[in-house]
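S.K.: The domain '3-oxo-5-alpha-steroid 4-dehydrogenase C-terminal' annotation in TrEMBL covers 110-255. According to TrEMBL, the transmembrane segment annotation covers 12-32, 52-71, 83-102, 108-126, 147-164, 207-227.
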Amino acid sequence: MELAERFLLDALAYLECALGVLFSVLLEVVGLPYGRYTSPGSAWQLSATTAWVVQELPSLVVPLFVCVATAAERLRRWPNRVLLAMFVVHYIHRSLIFPFLIRGGKPTSWYVCVMAFVFCTYNGYLQSRYLSHYAVYADDWVTDPRFLAGFVLWLTGMLINIHSDGILRNLRQPGQTGYGIPRGGLFEYVSTANYFGEVLEWCGYGLASWSVQGAAFALFTFCVLLCRARQHHRWYLEKFEDYPKFRKIMIPFLL
């Protein structure tokens, strides 16, 4: 039974890699009506706050359920605990804090929320089940250069993401719903500093976990957010004549 589930977790990780590439192509060709791209007359829309809570919460609830309701033997090891905590800390912020700080967020189509909900359930199970039941690390893994470098990248990425979200939020006064040119922080170099922070965060997590499951999540995040970043970058250039032309799309000085 354990061998079968371990095989399943590996298969789900490889599938997540393939889905990341597939979704990036579909987003580029078809697009996705969310945020500023949502049509005003679309039916079955959720408020931005409601959508964020609903779609992100499985990535918090599923790991907690796995830890409490199953014999999570591997969580007796510190490396497994720290890695799962890295995942959970992000989603505590993303599902319970960030949504309630949004100012004037645009509604989200119900099916976009459903797709995100399904992915967060899928990935929440994949990451938490692997770390709590199957990932094997030496007790001194937390001092390994790969773990230390990954943890620093994860923490740096999360701080960049939170700081950049704050810059975007402060473009609006309470009650406003319009858009402006973000300035300050890494927005001086890229159009989507918040996405850069999140990609950096999960690449760090993937490095620290040194696993196919962690790498799959990092790849999925990179593929999807890069496509969305391109869309945002084009939108800024079309919307604002004075938009800084030297800014890159997502990665400072490179892309």
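Residue 1 is the first one shown; counting continues down the chain.
Every residue, even glycine, has its Cβ placed from backbone N, Cα and C.
No curator has checked TrEMBL annotations; they are predicted automatically.
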S.K.: Counting Cβ pairs closer than 8 Å, which of 12-32, 52-71, 83-102 has the most of them with the transmembrane segment (207-227)?
M.R.: 12-32
S.K.: Counting only pairs 6 or more apart in sequence, are there at least 3 Cβ pairs under 8 Å between the transmembrane segment (83-102) and the transmembrane segment (12-32)?
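M.R.: Contact between the transmembrane segment (12-32) and the transmembrane segment (83-102): absent, because fewer than 3 Cβ pairs are under 8 Å.
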S.K.: What residues in the same chain, six or more past the boundaries of the transmembrane segment (52-71), come closer than 8 Å to it by Cβ-Cβ distance?
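M.R.: Result: 46, 84, 87-88, 91-92, 94-96, 98-99, 102, 113-114, 116-117, 120-121, 123-125, 127-129, 132-133.
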S.K.: Let me spell it out: take the transmembrane segment (147-164), skip the flanking residues so only those 6+ beyond its ends count, and list any with a Cβ under 8 Å from a Cβ in it.
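M.R.: Contacts of the transmembrane segment (147-164) (Cβ under 8 Å, skipping residues fewer than 6 from its ends): 79, 82, 86, 89-90, 93, 141, 182, 185-187, 193-194, 196-210.
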S.K.: For the domain '3-oxo-5-alpha-steroid 4-dehydrogenase C-terminal' (110-255), DSSP counts of helix, strand and coil?
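M.R.: Grouping H, G, I as helix and E, B as strand yields 104 helix, 2 strand, 40 coil.
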